[in-house]
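Okay, structure first, notes after.
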Amino acid sequence: MDMMLLVQGACCSNQWLAAVLLSLCCLLPSCLPAGQSVDFPWAAVDNMMVRKGDTAVLRCYLEDGASKGAWLNRSSIIFAGGDKWSVDPRVSISTLNKRDYSLQIQNVDVTDDGPYTCSVQTQHTPRTMQVHLTVQVPPKIYDISNDMTVNEGTNVTLTCLATGKPEPSISWRHISPSAKPFENGQYLDIYGITRDQAGEYECSAENDVSFPDVRKVKVVVNFAPTIQEIKSGTVTPGRSGLIRCEGAGVPPPAFEWYKGEKKLFNGQQGIIIQNFSTRSILTVTNVTQEHFGNYTCVAANKLGTTNASLPLNPPSTAQYGITGSADVLFSCWYLVLTLSSFTSIFYLKNAILQ
């Protein structure tokens, strides 16, 4: 009661600033004796959420032109009436009209988060309004696993850490047609990784404040080479012939060719060898009898070696369209001779009749 009389006396003597400070002191727990509190009528509490970087306007209104106001942030005085106590250039008082005493904070940051109190000193009793400002922060991935190369069968852990307010949720996605969804979380564990699980993994952090933050990790899976196919086309003496060997492996395998036990080299005896990352083509520019035989394609990388063989044989009677046993061949020639005989008799008959 003595405090209220002192405040009113200060107001009556036009020392309103002292009155405001005394009323603010009543709002601060540090100014009160232990175990005591002061409850003001017409007090209100509001919550306000603002995205980081935006402008926050904390509303407060004076009852009439004679009343005075003040703004506090925790125990720090920001404004007392029209006097600015804060050195922060981002804060100001809104002056849309005589009753408006709203606090404006430009380019809000996480350090602005917290409670704010507007105290209005009238001729009768002080009125307070409290606003809790929550600064929302868009998600930001600040740490993610580097691109990596591992061997098939290895256990792999991918890491994706992000900040934001509210705390962002983390989700993973394997960028591939046959991808399966993963459980959400900062860490993605892949046990016994296979070659099909190689590729890019996308980490997405989102909290509905702004667009998700997305980063990617590339995972290369090494595996020993395999030969998927080896085949040749029709081989005719005097013409070109080729054998194609299709393989796979990471790192890409190196290809070699052998005829029997003998290694073949590019340019040797009319042989051309073309090697690609997943294919090797052996071409014989002018096939002769000595080129026929068994050819072996060998694919090797640092994880292993594999091979496949294919015989290169001379053309058979099949290429002329006549196949079968001796009896079948005899029947075919008998049919041709019989048709020839009938044709000769027909022409002889016509000659006699004429």
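Glycine too: its Cβ is placed from the backbone N, Cα and C atoms.
Sequence annotations record features per position, and here Swiss-Prot assigns signal peptide to 1-37.
Annotation source Swiss-Prot lists domain 'Ig-like C2-type 1' at 38-134.
Annotated N-linked glycosylation site per Swiss-Prot: N73 (among others), in sequence order. The DSSP secondary structure for N73 (N-linked glycosylation site) is strand. Remark: N73 (N-linked glycosylation site) has G114, P115, Y116, T117 as non-local neighbours, by Cβ distance under 8 Å and separation of at least 6 in sequence.
Feature annotation from Swiss-Prot assigns N-linked glycosylation site to N155 (among others); the stated evidence is sequence analysis. Secondary structure at N155 (N-linked glycosylation site), as computed by DSSP, is coil. Its Cβ taken as reference, N155 (N-linked glycosylation site) is surrounded by 10 other Cβ atoms within 10 Å in the chains shown.
According to Swiss-Prot, the feature N-linked glycosylation site maps to N275 (among others), an assignment based on sequence analysis. In this structure, N275 (N-linked glycosylation site) is part of a beta strand by DSSP. Non-local contacts of N275 (N-linked glycosylation site) by the CB criterion (under 8 A, 6+ apart in sequence, same chain) comprise A254, F255.
Marked as N-linked glycosylation site by Swiss-Prot on the basis of sequence analysis: N286 (among others). A sphere of 10 angstroms centred on the C-beta of N286 (N-linked glycosylation site) encloses 12 other C-beta atoms.
Positions annotated as N-linked glycosylation site by Swiss-Prot: N294 (among others). DSSP gives N294 (N-linked glycosylation site) a strand state.
Taken from Swiss-Prot, the feature N-linked glycosylation site applies to N307 (among others). In the three-state DSSP assignment, the secondary structure recorded for N307 (N-linked glycosylation site) is strand.
Taken from Swiss-Prot, the feature GPI-anchor amidated glycine applies to G324, supported by sequence analysis.
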Among the glycosylation sites listed here (N294, N307), identify the one with the smallest other-Cβ count within 10 Å.
N294
Looking at the glycosylation sites N286, N294, N307, whose Cα is closest in space to that of N155 (N-linked glycosylation site)?
N307
How does the domain 'Ig-like C2-type 1' (38-134) divide up by DSSP, counting helix, then strand, then coil residues?
3 helix, 48 strand, 46 coil
